[in-house]
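Student: Okay, so TrEMBL annotates it like this:
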ACT_SITE  221  active site
BINDING   60, 63, 157  Zn(2+) binding site
DOMAIN    51-247  domain 'Succinylglutamate desuccinylase/Aspartoacylase catalytic'
DOMAIN    264-334  domain 'AstE/AspA barrel-sandwich hybrid'
Ligand SMILES: O=C(O)CCC(=O)N[C@@H](CCC(=O)O)C(=O)O
Ligand SMILES: [Zn+2]
């Protein structure tokens, strides 16, 4: 068997910044596999269902649980153990950062979408790769069969810190469009009962798919960063199983929507690091979703003190070492699920 189809992840990592060798193969079950680049695999069933699904991992190379999940699903597709009835695009976004075992090589790829890769004078391989990935997503969504389609994108990550809520998703800014009940139920079936609602555009991959392709797209955080082989896969079994069902079943029925099963948080503050002397006012081992009260000092940025603005303001993704101008801390407050406009 061809190397790329023998072990797609290994071949991808051996061609870490891309490969111009496009490859195609039709399996005995009629499913066609097309490799557009390293890490970019389109799976096309002979009579595709109505969903166009993007599953991405390794936007950050050290977030290995999602890479293991995608690797195993891809291998099972190639060996025909996993059926696929909807067009699916797998993206292993930043293989060079996997090889390095780090979040990124030169620049955080998840700040480079929606054209941010071309802002300013900087040039690097992550920028080039982000630009190519945008084009692959565009090509995938825009070459779908005629008729009403549902576009989906789950961008799988893990968090740097421990979290009081182990699995959670970021719902990118919808520009006022209602939130989707079925998507909240899908996330819940993945074991993700906690969802953070962004209140403004970002340059993340999931927002790109929401904003440019009207997809239901999410950043999904599946636990904590660990090296390959050290993930407790039983903790992500529901996510893996539900993703497998998504690509192989016509539609998923989760029964009636139960608001009390979903824990929804709304963005309160996004604190960007603007100065070299930036520090968080809590220890490195303080977990995501730790709650602060109004007036508590959260961070110092140069001469400015930044405080919690609400009681019950929870900290997410604290990272004092981000590049200047980037998000060093997100804070969120709980909102009742019933308060959301849902479709
Ligand atoms: O744990 C952390 O600090 C970061 C984990 C991670 O990579 N999260 C994503 C979230 C993207 C989003 O806000 O939709 C990121 O920071 O890129
Ligand atoms: Zn990540």
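Along the chain as shown, the residues are counted starting at 1.
Yeah, the Cβs are placed from backbone N, Cα and C, and that goes for glycine too.
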Student: Show which residues of the chain containing residue 63 (Zn(2+) binding site), separated from it by at least 6 in sequence, have their CB under 8 Å from its CB.
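Tutor: Expected: 57, 103, 156, 157, 158, 225.
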Student: Taking the Cβ of residue 60 (Zn(2+) binding site) as the centre, count every other Cβ atom within 10 Å, in any protein chain shown.
Tutor: 23
Student: Using the Cβ center of 60, 63, 157 as the Zn(2+) site position, which other residues in that chain lie within 8 Å, going by their Cβ?
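Tutor: Leaving out the recorded residues gives 57, 58, 59, 61, 62, 66, 103, 110, 156, 158, 225.
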Student: Tally every other Cβ atom lying within 10 Å of the Cβ atom of residue 221 (active site).
Tutor: 25
Student: Going by DSSP, how much of the domain 'AstE/AspA barrel-sandwich hybrid' (264-334) is helix, how much is strand and how much is coil, in residues?
Tutor: 0 helix, 36 strand, 35 coil
Student: Counting across all protein chains present, how many other Cβ atoms fall within 10 Å of the Cβ of residue 157 (Zn(2+) binding site)?
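Tutor: Its Cβ shell of radius 10 Å holds 25 other Cβ atoms.
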